[in-house]
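Q: When I checked TrEMBL for this same protein, it listed these features:
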ACT_SITE  110  active site
ACT_SITE  175  active site, proton acceptor
BINDING   108, 141, 203  Zn(2+) 1 binding site
BINDING   141, 176  Zn(2+) 2 binding site
DOMAIN    216-326  domain 'Peptidase M20 dimerisation'
SIGNAL    1-28  signal peptide
């Protein structure tokens, strides 16, 4: 059963007020009227109702929605397609001092697929229940953050606030399938260089209590595909080292490893972001037929795919050795491919933000992994940037 995304609309309002007060360093902006609250939620729902699920996201509709909002806020707009059909939207709020490095607030427009039959409410209906929870794909990962950016800008502009530094908002495509055609290409472009970005803020997780979490690193995704081969045979025959048998041995070995890592989390010995997670993504084997599969033929090939997340503290070479020797040994007619994503970690001083908190590894990975800018920040050079960090890195929930 797929867990439903939910988001409380009152939560958005409370944190927008906090955001406004932190950035302006003056009295908080007035509380929104009931009508303004309704409009905020309506805009959020409209965004959620745009089906941007992979593998066929409606980028055209989401792009137009973002541009319409930007126009209402008098923000500068730019739409770039490094890859045809995958638009990247960049919005700009010019600062009063253009010589200062800028701030980039990033979010992605695409969402993961959903099984509608497993949901209590339609995943793109943005239904609000009696408790104010909104049920929709993307309500946490991460259309909520994109809309919180926009609504925060709206409130700040209405209060007369003028940032010293230019503020960019980026809405990027294809994050859920790796981000290679979106933010990765932006990070490699002259467009990004000319933005003079000095800090990027992206996804995070909510704290379950009053202590805020600073994520100083994140787990790197490894996408592993194991392939087993063997002689084809009749379904009635028993013989050793078939493709399916070899693959099952690998799956069992991976299952035991996964259980050992999960036991550490269950026992409270390590956090979720401190262990190697392994989850099977697909199984592929068999010979298709018009009615399904040929049932009396043992296949000569079988594949399985795994999503692996590796903390920066783990020796990658030891895991590679485990894959080659235990999970996909050539001696069992096994082969494998691993797609690795570049990793950047954030380990910075936090003493200048005097709030309760603890440092931990982020259990997922975010799209700004391609930029690496956060490695080079000098925290002491900012005026209100620290408040951006306190708010967006620590207080907004987005990734599930």
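Backbone N, Cα and C define each Cβ position, glycine as well.
Note that the structure is a prediction, hence the values are computed from the model and not measured.
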Q: Measuring Cα to Cα, how far is residue 176 (Zn(2+) 2 binding site) from residue 203 (Zn(2+) 1 binding site) in Å?
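A: So the alpha carbons of residue 176 (Zn(2+) 2 binding site) and residue 203 (Zn(2+) 1 binding site) sit roughly 13 Å from each other.
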Q: Between the residue listed as 'active site' and residue 175 (active site, proton acceptor), how far is it from one CA atom to the other, in Å?
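A: Cα-Cα distance, the residue listed as 'active site' to residue 175 (active site, proton acceptor): 7 Å.
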Q: Taking only the Cα atoms, work out how far residue 108 (Zn(2+) 1 binding site) lies from the residue listed as 'active site, proton acceptor', in Å, as a whole number.
A: 6
Q: Helix, strand or coil for residue 176 (Zn(2+) 2 binding site)? Use DSSP.
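A: It is helical.
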Q: Based on DSSP, tally up the residues of the domain 'Peptidase M20 dimerisation' (216-326) by helix, strand and coil.
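A: The domain 'Peptidase M20 dimerisation' (216-326) comes out at 38 helix, 40 strand, 33 coil.
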Q: Going by DSSP, is residue 203 (Zn(2+) 1 binding site) part of a helix, a strand, or coil?
A: coil
Q: Rounded to a whole number, how many Å is the Cα of residue 175 (active site, proton acceptor) away from the Cα of residue 141 (Zn(2+) 1 binding site)?
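A: So the Cα of residue 141 (Zn(2+) 1 binding site) lies 11 Å away from that of residue 175 (active site, proton acceptor).
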Q: Return the single residue from the recorded positions list (175, 176, 203) that has the minimum number of other CB atoms within 10 Å.
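A: Least crowded of the recorded positions 175, 176, 203, by Cβ count within 10 Å, is 176.
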Q: CB neighbours of residue 141 (Zn(2+) 1 binding site) within 10 A?
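A: Result for residue 141 (Zn(2+) 1 binding site): 22 neighbouring Cβ atoms inside 10 Å.
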Q: Could you tell me the mean pLDDT the prediction assigns to the domain 'Peptidase M20 dimerisation' (216-326)?
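A: Value for the domain 'Peptidase M20 dimerisation' (216-326), mean pLDDT as a whole number: 91.
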